[in-house]
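Comments concern the structure below.
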């Protein structure tokens, strides 16, 4: 059985890993990654299309300068995308987040195992927790880079806005505001870092204790050691 100190520290790390897993689920499920306003010019007036969307679905609403407001509609991102580059980056972001979800799940399993037992395999100990937490953090960073690249470089909002418009129009510009579904990925990074710090302090304390136990033997007289 593990010591009380090991159980408490790995239990704390388990809580951070489970929290990270739950936040990734929220990130994938919520459609509040970005809110965009795309302006179009057409004969006689300008049109503004307001969109709020995530990786899977979103909503859009059309406004005309004359004050006319169309009803809000819901759309599926995958169906609304026509560009292969935009679709590929969107799929890549989803895959990266799913891999981060699996990494977080494995990290939760490793910390839970160490909280209730002493696994013999080295990789099932702190090294495994370090590996899966670092991998999860790296994947989250990649997702945080891929999505803005898709929005800014591939004009993702503008492409989605065309699907919400009733006629072909000339784009005038767009502006974007990233929502909580995007920014809470910073919380995932913080939780991964917290888990790494907890395990590091446990590992460091265990190493220091081991060295202290070896020191009396190293400093003992040779005749005592021989005896």
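For all residues, glycine too, the Cβ spot is worked out from N, Cα and C.
Because the structure is a prediction, the values reported are computed rather than measured.
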Can you check which of 48-72, 123-147 TrEMBL lists as transmembrane segment? 123-147
Candidate ranges 7-27, 91-111 [criterion: TrEMBL lists as transmembrane segment]: 91-111
Per TrEMBL, the range holding transmembrane segment, considering 157-179, 180-202: 180-202
